[in-house]
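Below is one structure, written out as structure tokens, with a few remarks after it.
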């Protein structure tokens with residue numbers, strides 16, 4: 001049952017390559033291209049579909065280091081451009097996240113094309129989301145989680161159900177399939193954990209009540225992603241109802257066992273382990289820093305292997321350490337690593353932006369983004385308000401969650417493979433994430449206007465609300 005593949009092998013002659021390069025006009029992209037380096041040592045393969053593969057690491061009978069020069073070059077370009085972009089927007093008084101996104105769009109395939117193949121950069125940048133959630137877990141302790149538990153869990157689930165119902169009704173009215181409407185509502189309910197958490201950390205507002213509700217809801221959404229994956233075959237008609245229910249039940253059971261195991265380790269093993277690392281790192285913090293990163297990655301890896309998400313495992317790892325006396329020390333050790341990989345992740349998101357596509361469809365994209373922001377803000381505000389929170393806190397949570405998250409990319413890809421949706425609005429998600437910095441930038445002005453117009457209570461009333469919520473919990 002093998003498939004016969006015809007492949008053309010192209011060998012590069014040094015003299016011919018040099019002559020060809022000498023007659024080629026200089027372009028700025030050539031500075032970042034590896035096509036002219038060591039061409040006599042490369043083998044280029046082209047398959048019958050005109051896909052080009054460069055065999056850069058040829059086997060040798062002698063042991064030697066295998067370097068991926070393309071990945072090294074791409075990482076250098078991303079880090080340098082993100083640094084320049086961050087410095088530029090910081091001088092203009094804007095959040096550095098805007099600079100990272102703009103830098104990624106400038107160097108990506110939709111910009112100057114310094115980086116054309118971004119899969120490797122995106123893979124490395126995924127560590128940014130992991131460390132962001134790990135740091136949030138360190139700050140978001142269990143007592144704080146209990147305060148917003150009902151609105152985060154029940155309210156988060158209620159929001160997802162409302163989006164599904166609204167989109168299902170819209171799909172039926174527009175003549176589309178009911179399953180398509182339910183799926184669109186599911187991925188619209190997802191918000192960007194990485195982007196929102198980065199803004200909350202930058203604003204140093206992770207201890208605010210609306211931030212706690214926001215983060216709790218985001219974590220609930222990350223947990224629901226696995227359940228949505230189990231439901232996709234049912235919506236696509238590729239799995240029976242009984243099998244789908246069994247898959248969801250199995251996933252919930254695995255999630256429960258994972259949380260129970262983490263709870264047991266958090267009071268039995270983790271404190272002793274961190275205390276030992278502190279003693280061994282009395283002279284230098286290198287070993288403690290390495291142990292903290294290893295613990296985070298190990299929990300994230302275990303979570304992923306169990307069918308849960310990497311982000312959920314990283315967050316649970318942070319919460320486990322937050323129950324000990326080493327939470328602040330651990331955060332100090334991983335903060336620099338978190339910032340580096342977070343910049344990589346946000347720049348890789350920016351690489352997905354196609355400026356030409358955005359300009360050609362600016363009317364449709366603008367209307368879609370505004371619709372998403374308005375609908376999600378209204379629905380979230382109403383749900384949070386129904387749980388007894390003030391209008392100001394509810395509105396802030398609504399604005400914070402008024403975007404589509406990166407998990408929607410994964411859900412859309414899987415739905416496309418199952419032929420559940422015909423048109424995949426990838427660019428809507430990307431550009432919707434780009435508008436998030438603008439929304440967060442407008443929050444202080446909207447709050448000030450709301451206080452002047454007596455729409456929102458004063459800051460003192462918000463502090464009293466937070467005290468009441470913690471007291472009632």
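Here the Cβ of each residue, glycine as well, is placed from N, Cα and C on the backbone.
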Handout entry: Annotated range (TrEMBL: transmembrane segment) out of 213-236, 285-308, 309-332
Key = 213-236
Handout entry: Segment assigned the feature transmembrane segment in TrEMBL (from 100-119, 340-359)
Key = 340-359
Problem - Contact set, same chain, for the transmembrane segment (340-359): CB under 8 Å, 6 or more residues outside the stretch - result: 75, 78-79, 81-83, 85-86, 96-97, 100-111, 115, 118, 121-122, 124-132, 194-195, 198, 365, 406, 426-427, 430-431, 433-434
Practice task
Report, as numbers and ranges, which residues of the same chain sit near the transmembrane segment (67-89): CB under 8 Å and 6 or more residues beyond its ends.
Solution key: 32, 34, 37, 56-57, 95-96, 98-100, 102-104, 106-107, 114-115, 117-118, 120-121, 124, 340, 343-344, 346-348
